[in-house]
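According to Swiss-Prot, the feature FMN binding site maps to Ala62, Gly63, Tyr64, Asp65, Lys66, Thr86, Asn140, Asn171, Lys216, Ser244, Gly266, Gly295, Tyr316, Thr317, an assignment based on sequence analysis. Feature annotation from Swiss-Prot assigns substrate binding site to Lys66, Asn111, Arg112, Leu113, Gly114, Phe115, Asn171, Asn176, Asn245, Thr246; the stated evidence is sequence analysis. Taken from Swiss-Prot, the feature active site, nucleophile covers Ser174.
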Amino acid sequence: MMHIIDRLTRPVLFAFDPERAHELSIAALKTGIPFCSGGVQNSKLAVSVAGLNFPNPIGMAAGYDKNAEIPDALLNLGFGFAECGTVTPKPQEGNPRPRIFRLTRDRAVINRLGFNNEGHAQALARLSLRKGKSGIVGVNIGANRDSSDRMADYEEGVRTFAAVASYLTINISSPNTTGLRGLQDRENLSELLQRVMRVRNEQAALIKRKVPVFLKIAPDLSEEALADIAQEVLEKGLDGLIVSNTTLSREGVSAPAASETGGLSGEPLFERSTIVLAKMRRLVGPALPIIGVGGVHSAETALEKMRAGADLVQLYTGMVFAGPGLPARIVSRLAAYAEANGLNSIAEIRDSNIKPWADRPLA
C-alpha cells in the first residue's frame, strides 16, 4: 500500500516547484491522515543515546518541519525521532525565491533557503502543546541573519526551548547565512559552546533536567578543523555531534542545476559525509553520541552510517525522492537485518567499518 502511495505522491508533488511541493506535503501531513502504519516495532532497534530512549535509530533531519508544525505526524511515518527547525529568535523570510532546486538525475537537492522560519514564539507555542506526549522531538536552533550578536541568539534558543525539546541542536554549519560557518573556527566555537552550555546548565536548575545539546557541523572541513571541533566538543561537555549539514561541493553531480548556489543534499553527499563521520568518531572516541546524516536513502545506507560510527541516523532528501513510506521501509528492513544476523541490538554494528571510511582523504 505504501509503495502505491509513494508512486502516486511523487508525480503530483513534482508537478510543482520544490518549495510549493514542500508546503503541500506539510499541509497534507497536518490533516492527520494516516499515510502509513508507522512501520514495525522491534526491541532490537531501540537505542539509548544521551539519556534518551529511541524506539529506532532513524530520524527526520532538520529543515523539513522548520516551524514545528508536524512533529507527531512525522513520528507516525515510522521515524524514531524528529528534529524541528532551524528556528531563529525573530521570524525571517530567508533568501529570495527560487531557492530550492531538484537535481532529479542525481537524486539530490540544492537549497539556499537562509533559515526562513516563523521565529521562536510560534515554534514554542506549538511545541508547548505537546506536553505529556510521547516521542522524541529535537529543536535545531540558529541565528538571525541581521543579528548583532549571533552567539546570543543561540543562548536565547537554548533558554527558549530547553523545557519543550527532547534535545537541542546548535546549527552553525548552514552555508546559506553569510558568515555563519565562521562560528566553527576554533576561537569562535570555544566561546559559543561555553556560552551555550552555561545557559543549558542554568536552565537545568529550573526545569530539573539537562536537555542534551548536539553540535551540527559541515562536511566541508579540513582534518585540522575536525580535530579542533572534536577537542572543543569534548572539553565543553556537549552531549553529541550531528555529521553533517549540506555541502558546497558539487562532486558527483551532473544535473544542469548544479551551478546554483547553496547547500547540496541527497545521494551525492553520502560519501563525503560518511568520511567526515568516521573521522569524527575516531577523534572523539567511542563514548560521545553521533548522529549521521547525509545521503541516506535506504536501509543499507543507514546501516553503513552506523558501521562508520553513528549511533543514530537522519534523512530528509531521500524521502523527497522515495516518498513518505521510506522511513517505515527502512525501519522494517533494519529489523529484518537484526533478526537475520542474530543481533541483540542494532547498536552492535556501530563502528564495525570505521577504518575504511576514516582512512580516506578529504579531497
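Just so it is clear, glycine is given a Cβ too, placed from its N, Cα and C backbone atoms.
The shown structure was predicted, so the numbers you read here are calculated from the model rather than taken from an experiment.
Locations of recorded Swiss-Prot features on the structure.
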residue	record	DSSP (3 states)
Ala62	FMN binding site	coil
Arg112	substrate binding site	coil
Asn171	substrate binding site	strand
Lys216	FMN binding site	strand
Asn245	substrate binding site	coil
Gly266	FMN binding site	strand
Tyr316	FMN binding site	coil
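For Ala62 (FMN binding site), the same-chain residues 6+ apart in sequence whose C-beta sits under 8 angstroms from its C-beta are Glu83, Cys84, Gly85, Thr86, Gly138, Asn140, Thr169, Asn171, Lys216, Tyr316. Cα-Cα distance from Gly266 (FMN binding site) to Gly114 (substrate binding site): 18 Å (rounded to the nearest whole number).
Comparing C-alpha positions, Arg112 (substrate binding site) sits nearest to Ser174 among the recorded positions Tyr64, Lys66, Ser174. Here the binding residues for FMN are Ala62, Gly63, Tyr64, Asp65, Lys66, Thr86, Asn140, Asn171, Lys216, Ser244, Gly266, Gly295, Tyr316, Thr317. Their largest Cα to Cα distance works out to 20 Å. Each residue in Gly63, Thr86, Gly94, Ser174, Pro175, Thr177, Gly262, Gly263 lies on the same chain as Lys66, Asn111, Arg112, Leu113, Gly114, Phe115, Asn171, Asn176, Asn245, Thr246 and has a C-beta within 8 Å of the C-beta centroid of that substrate site, without being one of the site residues.
Cβ-based neighbour count (10 Å, all protein chains) for Asn245 (substrate binding site) stands at 26. For Tyr64 (FMN binding site), applying a Cβ distance below 8 Å and a minimum sequence separation of six or more within one chain yields His22, Ile26, Leu74, Tyr316, Met319. Taking the binding-site residues Gly114, Gly266 in turn and counting surrounding C-beta atoms within 10 angstroms, the largest count is reached at Gly266.
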